[in-house]
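Here is the structure we will look at, set down as structure tokens.
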């Protein structure tokens, strides 16, 4: 069989596996894999460095199918290149419970994926973070003759990806940083779900991306393997700019619905499958992989050799640069220093009041030398969020060693990039913005959680207490929003010491993101109680025969203590509990939880929406919370007017205890 | 005084009012108003049609200060042009409790604002909706010689606005639609908060915006009133494309911090103010408005004349086209038809099961003829969300009469545009996407609530019950997120009849957005109970001496009914309550709430995060909810595996009642 015939046979194998699987599931997206198969084939067969036998090998190229609905493309490629768990049976079980082949690709679920995709725009945005991670780690750790970090990052994306706003943020950032090893292939098929692209979008993608500083290439015929390969070569040759390759394809290629929106998201039907196979010249039973294709496409040997070469280089690197070698190994394992907790700054109770955002800044700078993977930045509010590592530079085009990033006013792109940096391996990204703008990054926060990536979100200016900037800048419902996300940890520390402990716990938690919700205003320093923070909640002021338990977080812990003092003066004994992290508190045994919460009636105090508090105070408890938007005025005025005063807490306590 | 001197004096009046107010507040952003003052002056003095005495006059031009932190620019302009409530005292009370001058401009709080701004990118995105509304209403209602809807929409934006992803979505949509009366002035000052723009962004804005199909103009000197005016003229002359005018300004012009990030967000200090005034040649006391400036800039006469001319034309229009005139008047008043409730489709209990998204589609099409302001579309999932008005076209460039919009895969831009359409007046926009992607539009949803705009969000595929698309597409925490937003209504109807009632209530609610959370899967039709839905919750199945009350929403109401049946078979009497809208239920009197909830232990059933349910079931109630991500498999399998089965509900009930 000629090379060209073998190529065509391979491409049609990808195509027919995809439509057979969609048909078997009677659910899924046949159109995209039919059109994308040649570019998927070309990229994986001719360029992608990966080892199916070791899917997390750090030296591999990264590939993200940003158009995640085309999942059968990547599942077919994983099967054909030899990923052991991706058996033919798994393809037959597409979209079934517990299969390796969920509807959209899920990192941590299926070997060989570099990211979870489906929420459009985020796949490509994560590749920007991956390419940043590669450039950054290369700048810090590569040495002459030792390309420890040296890989390309590829994505295939659709029109939907490029319509999403996050594509703008990510592409502008990638262009600014000149990420020359980042390559996106645009499945430019002129069709979207509702209609033809021309009915919803008139962008000239070339101008737009050249505006971002990208190289833009065009492949006129998406079935032309040679042209696709030449474009990828040209993309790799441009080392100072990322490249967008517009590949003109036909959605649903070969099917009766080719070139129409109908090809997008519905199975072709038995007849459609038959006709498509006829058009492709395919006359095998469903789920057939011709032996010559299996042999041709297996990446097992090639991948093993590539990895072995890298490992050998790494061994020489470790010998030549023992300290760096150790650091790289620790980094890739996300090892934390033994003395993490000891290295935290400590503040004496009663020492100068300090905003927890400032405490966080001190902690970041104390830990940065010990946690080399700690990198990050903010969405143009670093001075306010105190997220900068002061003894390091900012990452810039051509100079990627800086551990700080000017992300620009791009909260969502920043957070998606952080997910990509984390997925790349080794890094422990932190990102910062104002708490209220967690709204802008929520979709990426969810993907941190779903992908179990330990990104730390530093969210400052955490309540109406921020004052004058007013309701557009004052979070109210964001704590409820973040606390509802499965697998994420949310801390709202009461003071400097709780902030330090929260940072250590954020670094120790490796199964998801952590949000650190921090004050703009100064808060008094309480006695350090790391053990208490580790348990999520603890008693900060006890009282014998307490008539009420005051539950509070963050800036409201000090208010609760003042209120307890006032209540004591009125003969009402009040216990005060600080609850920096609900998730950790829920994990404690029932006995500890009972011990902390006590048996007295409870009153919750938090300058935020009440929704999360009913879990702790029940239907009969008291609430000093906020179910309205804030107002513009000095912070202490706003807090007082909205009920965050000793007087009002005392009033609510009296109403609650009757 | 020469015209030019008067102009300069006026511009410096704007500048000095801004810095005096920031200084008085000791809080705020002096840099932007200093740089923007000439363009603000030129636009308002030479172009903007508005009437300070009637700030909601429908014929006015629209102006949005997207860089909301520059609020003192617009407050100064409002004062100088003669808005009665914007007294000099209000400027002196900048950023104080209950003043007319909050930190960021707040629609509904301050007369003369067309939008609330501050969350970057959203101001300009809303102007796209305003321009769409104008073009749409003009196409439907203008007649030869009767330009009923005929105004320009202007925005001033900063670098931050253009870095935000939503700027991409909005600009691409505006370019696609060829909105020729939309004009953005970019305060191109090369400085952002953290650093110089060049450190965070290398975009060539001209290419990017030409890629979107915009006209791009440049003003080299942002102090050159003539050049700014010429550019605005040129922008208005281009009727087939929106225009971006890049105005090169100096942030903090005249101040010691001019041209640096330090000028952005801190008061200048007394010395800085003094030096700035010296540089501007200004030697008046703080808060001085020279008499000739007051006279020159007052828009009262001009605005009254403009409005009178429009009113006169409207009177002739009403005479010439009585029916249209009535429709326009009703539209602008957001009148609803008297027979709204009677016009709703009705379904007989037990008739064919139907997805609530489909029921919603039927309701939309039943109401569209009666509610001419109903316009909208979806983020490229109209076929799935059933949001299209079937007897109307889609809005396209040059043909704006269609009531449907192909928003593209742009959830956030779509929702911000909907806010703009609603703010424009008259329209009742609806937008649709999958429930999980409410994450992408959350920032706009918040602004719907904060601005009290009655946008209807049709959010379908509302639980893991959507099945095969898997966890990236399965909402879990989104109900908690939306329910925590102050002032918004969230409905999760149990069937077709509840869906119809929810739509009517969404239209009747004029103080904020409504989210309709709808199923992908078919749900049985229950007996209609509009009165129950109006109260937010009601008993759908009662039982004498109920041992348990099952509280459920949406698809889980049917499950609760099945479970109640099973429990009855086991001798356990269960009441079932449908709770489509928590917000309305909270508004009922205590007696009704008690009556509905009963005194038996309660079990909540909802395929979503548990957080919102503790309010109703307390700490001792039972929960059949979901605090993990979903999984890819057929919907009924996923629901069953995750506990949404009769068997599991019965089990939880037994545990709860002990």
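Cβ coordinates come from backbone N, Cα and C, glycine included.
Residues or ranges marked as active site, proton donor by TrEMBL: A:411. Cβ neighbours of residue A:411 (active site, proton donor) (same chain, under 8 Å, six or more residues apart in sequence): A:379, A:433, A:437, A:438, A:440, A:441.
Around the Cβ of residue A:29 (substrate binding site), the number of neighbouring Cβ atoms within 10 Å comes to 27. DSSP assigns residue A:29 (substrate binding site) to coil in the three-state reduction, outside any helix or strand. Annotation comment: TrEMBL describes A:29, A:264, A:357, A:384, A:461, A:469, A:473, A:520 as substrate binding site.
All protein chains shown were included, and the count of other CB atoms within 10 Å of the CB of residue A:264 (substrate binding site) stands at 23. According to its DSSP assignment, residue A:264 (substrate binding site) is coil. According to TrEMBL, the thiamine diphosphate binding site annotation covers A:69, A:118, A:119, A:120, A:160, A:189, A:264, A:437.
Around the Cβ of residue A:191 (Mg(2+) binding site), a 10 Å sphere holds 28 further Cβ atoms from the protein chains shown. Under DSSP, residue A:191 (Mg(2+) binding site) is assigned to a strand (E or B) in the three-state scheme. As annotated by TrEMBL, Mg(2+) binding site applies to A:159, A:189, A:191.
Per TrEMBL, the feature domain 'Transketolase-like pyrimidine-binding' maps to A:354-525.
What TrEMBL records for A:29 (among others) is site 'Important for catalytic activity'.
If you look up TrEMBL, you'll see A:264 (among others) marked as site 'Important for catalytic activity'.
When the C-alpha distances from residue A:461 (substrate binding site) to the binding-site residues A:69, A:119, A:160, A:191 are tabulated, the minimum falls on A:119. Put simply, A:120 is the one of the binding-site residues A:69, A:120, A:159, A:191 whose Cα lies nearest to the Cα of residue A:357 (substrate binding site).
The Cα atom of residue A:469 (substrate binding site) lies nearest to that of A:119, taking the binding-site residues A:69, A:119, A:189, A:191 as the candidates. Across the domain 'Transketolase-like pyrimidine-binding' (A:354-525), the model assigns an average pLDDT of 97. Chain B lies within reach of A:469, A:473, taking the binding-site residues A:189, A:357, A:461, A:469, A:473, A:520 and requiring a CB-CB distance under 8 A. Here residue A:159 (Mg(2+) binding site) comes close to A:186, A:187, A:188, A:189, A:190, A:191, A:192, A:197, A:201: these same-chain residues lie at least six apart in sequence, with C-beta atoms under 8 angstroms from its C-beta. When the binding-site residues A:120, A:160 are scored by other C-beta atoms within 10 Å, A:120 scores highest. Around residue A:69 (thiamine diphosphate binding site), taking its Cβ as the centre, 26 other Cβ atoms fall within 10 Å, counting all chains. Residue A:118 (thiamine diphosphate binding site) has a Cβ environment of 25 other Cβ atoms inside 10 Å. For the substrate site, whose binding residues are given in the record as A:29, A:264, A:357, A:384, A:461, A:469, A:473, A:520, the maximum C-alpha distance rounds to 48 Å. Here the CA atom of residue A:29 (substrate binding site) lies 15 Å from the CA atom of residue A:120 (thiamine diphosphate binding site).
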